[in-house]
Amino acid sequence: MKIVTWNINGIRTFRGGIKKALDSLGADIICVQETKVTRDLLDERTAIVDGYNSYFSYSRGRSGYSGVATYCKDSATPFAAEEGLTGLLTNHEGAVGCYGDHTEFSSEELQLLDNEGRAVITQHRIMCQNKVQTVTVINVYCPRADPEKPERKQFKLQFYKLLQYRAEAILKDGSFVIVLGDVNTSHRPIDHCDPSDIDDFGENPGRKWLNGFLHSDKPEEDKNEEEPDEESEISETDPTHGGKFVDTFRYFHPTRTNAFTCWSTLTGARQTNYGTRIDYIFADCQLAKDQFLGADIMPEVEGSDHCPVWGQLSCPLLPSSKPPPICTRYLPEFAGKQQKLSRFLVKVDQKSVQSERRDVLLGSQEEEERRENLNPIRAGNVSGKKRVLTSDSVVPKGKKTKTVNTSSKPQGSLLSFFKPKLTNAVPPTEEPVRQCEKVLSLDEMTPTQNSQKASTTRENVSSVADGLPEDTEPIFEGSTQMCTSSTTETCDKQVKTKHSTPQPSVGHSNSNKGASLVFWKSVLHGPPPPPSCKVHGEPCVLRTVKKEGPNMGKQFFVCARPQGHSSNPEARCNFFAWVEKGK
């Protein structure tokens, strides 16, 4: 039996073919995190893969966020499966059960903890010492503690606590347990690229939780990298060694350094292996000791900011004859079931629907089907492509649509904001007409649009200004009619000149041309040229501060090389320079 976990950072990682990607991992059970797909966006190609059965959990509050999925080969079909850790999303036959003690959680907390699509549990039968036993696989994507959102720190710790209660309850019930996924905490200093940069490394609450969740034997320095210490007997009953689970990677590789599973893509840190190990396969002590043959990371596999982690067991899997009810192939949108006409025709009170959306956590997939039968208007967002009816006259709620401005009031030109409005018109000629058409076709924006998109349109506007004929200097007013034809009459209304007496636009002096170029360059200057870093002498890259605070929005230059340890000469040096105002 082989099992793999991988934070794929979006289901688009499998763009080249999901079956090919799954097959390449060569595992019986493949657990992925951060799918970033909600049920309404789940397509049949992703949900139903030939040779596999799949189980998804979705975020119910945000689209394109979180989400986990477990793909099992048909030869590893589970006999039970469910979504979430609390049991609130379960209302069907074939649930795993054993929910543990929830007295420390409020009902609201329990709902919120399962609301982000962070857990899928599958239960399998295995053959161990000629005896059929059960192994439960808990696939989790633990929350990240955003330093700018203090409430998320508490949310993360509550999720950890709930996960431990559930895993230990299932273990107590007699099943082996594997907890795997993105835990979002590096356990020990050896699991972090630069622990000295973190104040009170060991005092981190997430690390303290891992210390209690995981079994610990001898200190790291006494371990042998080649073989687990057989004399260090793993016993879940030993109170001095803490928890009931084992970090399988460290069980087989107790002293290996630079073994990371996650790297920052923003800083290119994977090139210098400047990362952390936050993806794990935890197994209960007895299973790790008796059945695990090996465990390792796969840093050579790209496509995400994380790499896969695998574990190999000696026991074979015994497939169930039929997948559990929450298997995606049973969803109505994929099962080819005919839907009732009443789903689309029943009138619903919109106020009650909106109230329900605010106050009630959506239930399991079967529960959602019942809700959809009662509230067919909601089915559009929950159901798949086979159930969606479209009409040209219907606009989905919450979607922005483009509107056509049919009023006679014309739009302004970008150029009108940089020139004074004058009244004398240029005598009609063919050249101004053509120029008018050319410029306005590129600058049909409202003043509001211009103010919002100034930074992204500088280069385009600059090219328009540079493309003006040498002796022509048209000035456009925001209140004039748009030039849409080549008639001189239309252009008469739009082209103005600086001079008090009418004269042709052709034949301006070189001094006027030079003044115009100076003006445009002063208004539409580009970004400042990058300086070179002091260590490597290479051009720096421009960055913008996005963190809230007094420096938010300010720009700065840093070394263009990937982030790495300060002792690595190939990594980014410490060059830093603010972009001065007005440059």
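Numbering starts at 1 and runs along the chain as it is shown here.
In case you wondered, yes, glycine gets a Cβ from its N, Cα and C as well.
As written in TrEMBL, here are the features:
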type: BINDING; residues: N7, E34, D182, N184, D305, H306; note: Mg(2+) binding site
type: ACT_SITE; residues: Y141; note: active site
type: ACT_SITE; residues: D182; note: active site, proton donor/acceptor
type: SITE; residues: N184; note: site 'Transition state stabilizer'
type: REGION; residues: 212-241; note: region 'Disordered'
type: COMPBIAS; residues: 222-236; note: compositional bias 'Acidic residues'
type: SITE; residues: D279; note: site 'Important for catalytic activity'
type: SITE; residues: H306; note: site 'Interaction with DNA substrate'
type: ACT_SITE; residues: H306; note: active site, proton acceptor
type: REGION; residues: 444-489; note: region 'Disordered'
type: DOMAIN; residues: 533-582; note: domain 'GRF-type'
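A simple way to gauge crowding: the CB of D279 (site 'Important for catalytic activity') has 23 other CB atoms within 10 angstroms, across all the protein chains here. Sitting within 8 Å of the Cβ centre of N7, E34, D182, N184, D305, H306, and not among those site residues for Mg(2+), are the Cβ atoms of N9, Q33, Y141, C262, I278, D279, S304.
Across the domain 'GRF-type' (533-582), the model assigns an average pLDDT of 83. The Cβ of D305 has fewer other Cβ atoms within 10 Å than any other of the recorded positions E34, Y141, D182, D305, H306. In terms of DSSP secondary structure, the domain 'GRF-type' (533-582) contains 0 helix, 12 strand, 38 coil.
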